Amino acid sequence: MTPIRPTMLGMTFLILAWANLIATSNPVLGIICGIGFLWAISRLFGSRFFPTGDSAQQLIIGLLTSSAILMLGGSAIYYFGSVTQLNLGILLVIILAIATLVARKPSSKSKESITKYAVILIATVLICLFAWWSTLWPIEITQSIRSPWLVVDPKILLPLLIAIISAITLITKTVSKISTFLLVLIFASSLTMAVTIYSLGYGFDPFIHRATVEHITQFGTITPKPFYYIGQYALELIGMLIFALPLKLMDSLLVPIGAALLIPWSAYTSIKILGQNWRLLLVSLLLLPLGIFISTTPQSIAYILATCLVILSIPLLLNKIEDKIYLGFLGLLTLAILITHPLAGIPSGFFFVLVFISQISISKTTEIILLLIASILATVSLPIIFVWQSLGSNLNIEFSLTNLAWNQLQLTGFFSNQYNSWLDGLYLVIDNYLWIIIALSIVGIIFAVKEKLPRGVYVGLYAAIASLISYLILTLTLQFEFLIEYERTNYADRLLTMAVIFLIPYVGIALCELWARLTTKPQALQLSFILLLSLMATALVYGAYPRHDNYARSAGFNVSQADVDAIYAIENYAKDTPYIVLANQATSSAALEAFGFAHYYHDDIFYYPIPTGGELYNLYLEMTDNEPTAEVMNEAMDLAGVKLGFFAINNYWWDSERIIEHAKNQSIDWFALGDGAVTVFVFER
């Protein structure tokens, strides 16, 4: 295939997309056009940034390059212009033109043979995943629950376990497009459970980001303009305004499907360069913290790209790639991460700096000095940025070395015995996850030293150590007073996640070397190794979702139909009268989904208690934790400058019966939704 064919296909899909916008805005046709256009520019960019790869390798490199360029281009329009269909359309035409100009002749498809043994394993995976989906598909959660496992029987993990065993067994023989595709299916099945069963939405942050994207589509911008997040917004705005994709569907699937596609195929690309002795690098992906890939947020998109960055850097660090344009590809990927979320972008940026230093022609002493300086900067940069940001804003962050907050370290471990062998085994992995990753990484590093791998292989180790130390600094010395108490370690915890991502290559090295030694051992040991890895991977699927059992207590609830009914009932009750609502995150999320950023009052007070660290949410907690009095509600109404207020309480809230009875005596009116699932009280000034 010559470069002109993808160009013509890309232009054809763009023209069809514009015709679709004018005529019907059919989402199915939009999906076809979007996928077709993305495939075309991915083929073109892939042929330039990885000319020696096969068609699959070029496609994944091209897809990541295209995504990064779309994110950067969309961000430029957002910051320096107005987000409109015309501007985004011009951007896509320019990107297609650039892709055509830089493209080389794309590689042709390579054929792979399939053995009868492989056919059996493939069939086993497909049958097991069919069993998984046949159980999940009929389930629809519209009531408030703490955990999906209260509705989904955890025994559904059994067919998933068998599928993972079969896939790992196939991977131990060879890494091929088929074995990689099976892993993609397993990832997709594991990560889309929430999307499938939570019909009203899952999580809290996705509601905020969807409302933001919706606002930008209507007004071309949003004020104030954030310095990050726009990487995600750019992709979704292009999907909405050019390809007529439904925002909620696109947003719900972007991260789960994106992670399932990009991460395994990135590993496939690296393994094909490094050789089949690295094939268990693909298996190491099953030990990633899957919970970060379930719902779509800028942070989760940044995690996906950071994981791909780390995995695709391995061949370069091991001197298996000499073409320096590949380094340019990694740089583009790093920029995309930086504009998406700083808590992944800054560590990824320093990781790329370390990679760059390892690739330039300098003396060993100079290289060590530069690596040391970059590692120190990576360690202290985020704590310094947080303190600096707090000095220039209203964010209250306290720094102290005299009262180290050791109790805030989220480092669980050891064995919990609740006399349930199934759950005991799952939690043995879940509670000791970080220590398992560290132990395997140490083994991998020891093997790397013994095998005398190039010095560049330790770049990820430097980045991981920097992230771990930065985590300790943020957790022990900084108090994020502007957040509610149970969210105050959220920022620091994300650095633990980045450390794990940086350590995954060493986990891969450990698995590869251990398997190499097991190939000469009895088959029973090989099968035990595969079973152990499969059990660990299955446990991590269970641990990826909120849990409410004898081992863990989830504090969060999903948006329910009663929450949706409540926000519409409140809107109808208020009519055109300005009002505020004191409610929890779930009800506030439902309001964002339905009405967007509908009402702001003086001093930028949003009419629902968002963010949770704001004054309205603290007043809501005062109503629920102490007494729901008219005085507290009057304070909330005065804060916003309105004379009508509502207090919504869900029946799952602790001591809700007492709160409801007391609020009835304080309010002028009240009504209940969903058979008492949500009770709303009306207050007037």
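Any Cβ shown, glycine's included, is placed from N, Cα and C.
The feature transmembrane segment is assigned by TrEMBL to 58-80, 86-103, 156-175, 182-204, 227-246, 277-294, 301-319, 369-391, 432-449, 456-474, 494-515, 527-545 (among others).
Proximity of distant same-chain residues to the transmembrane segment (156-175), defined by a Cβ-Cβ separation under 8 Å and at least 6 residues beyond the stretch ends, is recorded for 117-118, 121-122, 124-125, 128-129, 131-132, 135-136, 182-183, 186, 189-190, 268, 271-272, 276, 279-280, 282-283, 286, 515, 526, 530-531, 533-535, 537-538, 541-542. Only pairs six or more apart in sequence are counted, and the transmembrane segment (301-319) with the transmembrane segment (527-545) gives fewer than three Cβ pairs under 8 Å, not enough to call it a contact.
When Cβ distances are compared across the two stretches, the transmembrane segment (456-474) makes contact with the transmembrane segment (369-391), since 3 or more pairs at least 6 residues apart fall below 8 angstroms. In this chain, the transmembrane segment (86-103) touches the transmembrane segment (227-246); three or more CB pairs sit within less than 8 A of each other, excluding pairs fewer than 6 residues apart. Ranking 86-103, 277-294, 369-391 by CB pairs under 8 A with the transmembrane segment (527-545) puts 277-294 at the top. Counting residues 6+ beyond its ends, the transmembrane segment (277-294) has Cβ neighbours under 8 Å at 164, 168, 171-172, 174-175, 179-180, 183, 186-187, 190-191, 193-194, 202-203, 255-256, 259-260, 263-264, 267-268, 270-271, 300, 303-304, 307, 311, 314, 433, 436-437, 440, 497, 500-501, 504-505, 507-509, 511-512, 515-516, 533, 536-537, 540-541, 543-545 in the same chain.
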